[in-house]
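Trainee: Copied straight from TrEMBL:
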| type | residues | note |
| --- | --- | --- |
| SIGNAL | 1-19 | signal peptide |
| TRANSMEM | 63-84 | transmembrane segment |
| TRANSMEM | 96-118 | transmembrane segment |
| TRANSMEM | 157-181 | transmembrane segment |
| TRANSMEM | 193-213 | transmembrane segment |
| TRANSMEM | 243-265 | transmembrane segment |
| TRANSMEM | 272-287 | transmembrane segment |
| TRANSMEM | 293-313 | transmembrane segment |
| TRANSMEM | 320-339 | transmembrane segment |
Amino acid sequence: MLTNKRLFLGLWTFRLVNALSIQTFFVPDEYWQTLEIRSFTHPLIFALSYEALKLWGLDNAKWLVLVPYIIQSFFAALLDLFTYKTASRIFGPTTGRYTLFCSVISWFNFFCSTRLLANSLETSLTAMALYYWPSHSRTPTNQTEEWLGQLSKALTLAALSCVLRPTTAVIWIFLGAILVVKRITYLIPILSRVITIGLLAVAGMVLIDYGFYGEWVFVPYQFYHFNVTQNISLFYGGHPWHWYLSQGLPIITTTFIPFWIYGVVKSKHRELFYAAIWVLVGYSLLAHKEFRFIYIILPILLMYAGHGLAYVVNGKWRKYKTYVIVFLAATNIPMAIYMTQVHQRGVVDVMDYLTQEAYRNEANGLPLLKEIGFLMPCHSTPYYSHLHKNVDMWFITCEPPLHGVNMDKYKDESDLFYEDPAGFLDTNFEPHGPRKWPTHLVFFEALRRSIHPKLESLGYQECARIFNSHFHDDSRRTGAVLVYCK
């Protein structure tokens with residue numbers, strides 16, 4: 001039998017290959033809330049690695065892109081390991097093995113676990129915290145200190161995940177309430193640890209943010225104020241209340257659905273399932289919804305899928321074991337490959353193209369790319385974290401409506417641009433506007449018909465055409481990614 005150390009090394013190798021093989025784009029926050037700007041607690045991890053690369057003389061575009069993924073692959077491997085360990089602890093070793101199988105072949109894990117999203121690290125930390133969560137243990141008697149030690153580990157990991165994403169508190173409020181009810185005689189030691197660890201986590205977070213902002217900022221309040229009180233998140237898209245049930249869960253769990261449902265039915269331990277339902281209900285109250293927001297409950301559902309799978313293949317369906325395993329693999333692996341190698345790869349490849357152009361010019365003693373403009377919905381590509389050259393760049397912006405501006409009537413720069421692309425260029429670029437024409441323009445093929453005549457008259461020509469996706473739910477992002485230069 002594999003030891004935990006050997007198993008982890010195997011999983012880390014797998015997730016390292018997973019991380020370094022990803023060629024596609026998921027959501028802007030993968031780059032714009034991790035490697036670019038905004039909150040600083042999560043990017044600090046990568047900032048430290050950048051400093052190390054600088055000391056070693058390796059701070060070039062290649063390593064600056066690769067190292068964060070190497071770091072995240074470590075946490076992704078921990079996600080697999082602790083999902084397996086928690087399932088083994090609650091349901092037994094057989095379920096643990098099938099849970100590990102589910103975790104490794106899950107298309108959404110392959111797609112998301114190694115991405116540079118706060119949600120990915122949040123999910124890893126939550127999975128680790130669930131393993132140490134003492135609610136799974138028997139009532140402490142002679143081992144009170146050990147039980148409280150487990151609680152302290154779980155609370156530390158939970159606090160870190162809440163620092164990354166304040167909404168993680170939703171699941172821990174539920175599990176914490178259940179723990180207090182079940183262990184009411186230990187209320188004082190439980191609360192003392194919650195308060196102590198919570199205050200330390202908050203203090204650390206505030207100090208980190210002060211170091212970057214240069215002023216005292218309490219990020220969870222800002223998060224709540226903008227996303228709940230002002231509902232600014234709705235500016236980036238609203239969804240019906242049932243979206244997580246009708247689309248979110250079916251997409252992230254796909255063919256595991258019948259197995260996790262069966263696992264819940266056959267289980268005597270449903271506390272984690274109820275916690276997952278609690279999260280779904282809580283998140284459904286917010287209008288803005290995304291697949292990655294419910295990633296935190298995927299490890300829980302995969303545990304129940306592993307439990308259901310263990311019952312299926314070791315019960316009366318035993319003779320169909322191979323078919324069941326092949327079915328799950330065949331419905332997850334192709335999707336994992338397509339989503340990480342094909343769908344929306346052009347917006348990443350174009351940055352590689354521009355980087356190569358910049359380095360090629362530098363090697364040949366030519367001027368660097370003078371200026372690059374992105375005529376796209378804002379945050380459609382990575383930015384300086386991938387280019388890492390002193391090149392002027394700009395993009396069409398999409399600042400949200402702040403300070404009480406009416407959201408229904410508000411139009412950002414992207415809205416104005418796409419209402420009349422050619423007219424926008426005439427108004428905002430020389431000779432009639434303040435902006436100078438850049439040497440390179442990047443845009444989606446869907447825009448070509450509207451602006452090609454204008455660009456051609458200015459001496460631009462198509463320098464690169466890069467495949468992006470076969471389909472897209474945003475009509476502005478359809479077709480290839482084009483690079484025009486002059």
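From the backbone N, Cα and C atoms, a Cβ is placed for every residue, glycine too.
Annotations in TrEMBL come from automatic prediction, not curation.
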Trainee: With the transmembrane segment (157-181) as the reference, which stretch in 193-213, 293-313, 320-339 has the largest tally of C-beta pairs below 8 Å?
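Mentor: Between the stretches 193-213, 293-313, 320-339, 193-213 has the largest tally.
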Trainee: Using a Cβ-Cβ cut-off of under 8 Å, list the residues of the same chain that are 6+ residues beyond the ends of the transmembrane segment (63-84) and lie near it.
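Mentor: Counting only partners 6 or more residues beyond its ends, the transmembrane segment (63-84) has Cβ contacts under 8 Å with 4, 7-8, 11-12, 14-16, 18-20, 22, 34-35, 45-46, 49-50, 53, 96-97, 99-100, 103-104, 109, 113-116, 120-121, 123-125, 127-128, 130-131, 299, 302-303, 385-386, 388.
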Trainee: Counting Cβ pairs under 8 Å that are 6 or more apart in sequence, does the total for the transmembrane segment (320-339) and the transmembrane segment (193-213) reach three or more?
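Mentor: Stretch pair does not touch.
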Trainee: Below 8 angstroms Cβ to Cβ, which residues of this chain, lying six or more residues outside the transmembrane segment (272-287), approach it?
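Mentor: Same-chain contacts beyond the flanks: 90, 130, 167, 170-171, 174-175, 227-228, 231, 233-234, 238-239, 241-245, 249, 264, 293-294, 296-297, 300-301, 303-304.
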